[in-house]
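Swiss-Prot annotations:
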BINDING   Gly8, Pro9, Met10, Phe11, Ser12, Gly13, Lys14, Thr15  ATP binding site
ACT_SITE  Glu85  active site, proton acceptor
BINDING   Phe117, Ile161, Ile162, Glu163, Ile164, Gly165  substrate binding site
BINDING   Cys142, Cys145, Cys174, Cys177  Zn(2+) binding site
Amino acid sequence: MSIELIIGPMFSGKTTELMRKINRYILSNQKCVIITHNIDNRFINKNIINHDGNILNKEYLYIKTNNLINEINIVDNYDIIGIDECQFFEENDLEQFCDKMANNKKKVIVAGLNCDFNRNIFNSISKLIPKVEKIKKLQAICQFCYKDASFTIKKHNKNQIIEIGGQDLYVPVCRLCYNNSY
């Protein structure tokens, strides 16, 4: 059917937007599944939770995995597939899984970071983009000047590209404040 990509910096509402879309499909009696990477620690008792603490606890299948291709047989009976924190999946895994599901008449909604704190795109997302029908880029609010923020800076431990954290570790910033921070 199709692939939709929701991207943006930390705290831009990517998971909230994914939750909103999944909820709409649940209300229309579509069978939904939400997948996140094993590294993601924001899921509580099989419920998806965003950084604001809002929980989607409707009827859906929830899967935590580090390999999407291994889940193909499980999700085959579902109409809508939501994938959160897509940047954590391996590039070929994400691209092949999403492409296969869309080709099998599934609606795939993928959410993830637009780039890391060095403003480098994640390989999994760059490989997926050519296969996507729709891209929605969200913005956060710059924590320094309160303008629209398209980037994320890391407060400390800048040698480690992938590190799970929230406001304790990451801050959304605009271009000017990003350049002033590094």
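Glycine is treated like the rest: Cβ placed from N, Cα and C.
The least crowded of the binding-site residues Met10, Cys142, Ile161, judged by other CB atoms within 10 A of its own CB, is Ile161. A gap of 21 Å separates the Cα atoms of Thr15 (ATP binding site) and Ile161 (substrate binding site). Under the three-state DSSP scheme, Cys142 (Zn(2+) binding site) falls in the coil class. In sequence order, Asp116, Lys154, Asn157, Gln160, Leu169, Tyr170 are the same-chain residues whose CB sits within 8 A of the CB centroid of Phe117, Ile161, Ile162, Glu163, Ile164, Gly165, the residues recorded for substrate being left out. One residue stands out among the binding-site residues Cys145, Ile162, Ile164, Cys174, Cys177 for having the most other Cβ atoms within 10 Å of its Cβ: Cys174. Other C-beta atoms found within 10 angstroms of the C-beta of Gly13 (ATP binding site) number 18, with every protein chain shown included. Secondary structure at Gly8 (ATP binding site), taken from DSSP and collapsed to helix, strand or coil, is strand. Ranked by Cβ neighbours within 10 A across all protein chains shown, the binding-site residues Phe11, Phe117 are led by Phe117.
If you measure from the Cα atom of Cys174 (Zn(2+) binding site) to that of Pro9 (ATP binding site), you get 10 Å. Looking only at the binding-site residues Phe11, Gly13, Cys142, the one with its C-alpha closest to Ile164 (substrate binding site) is Phe11.
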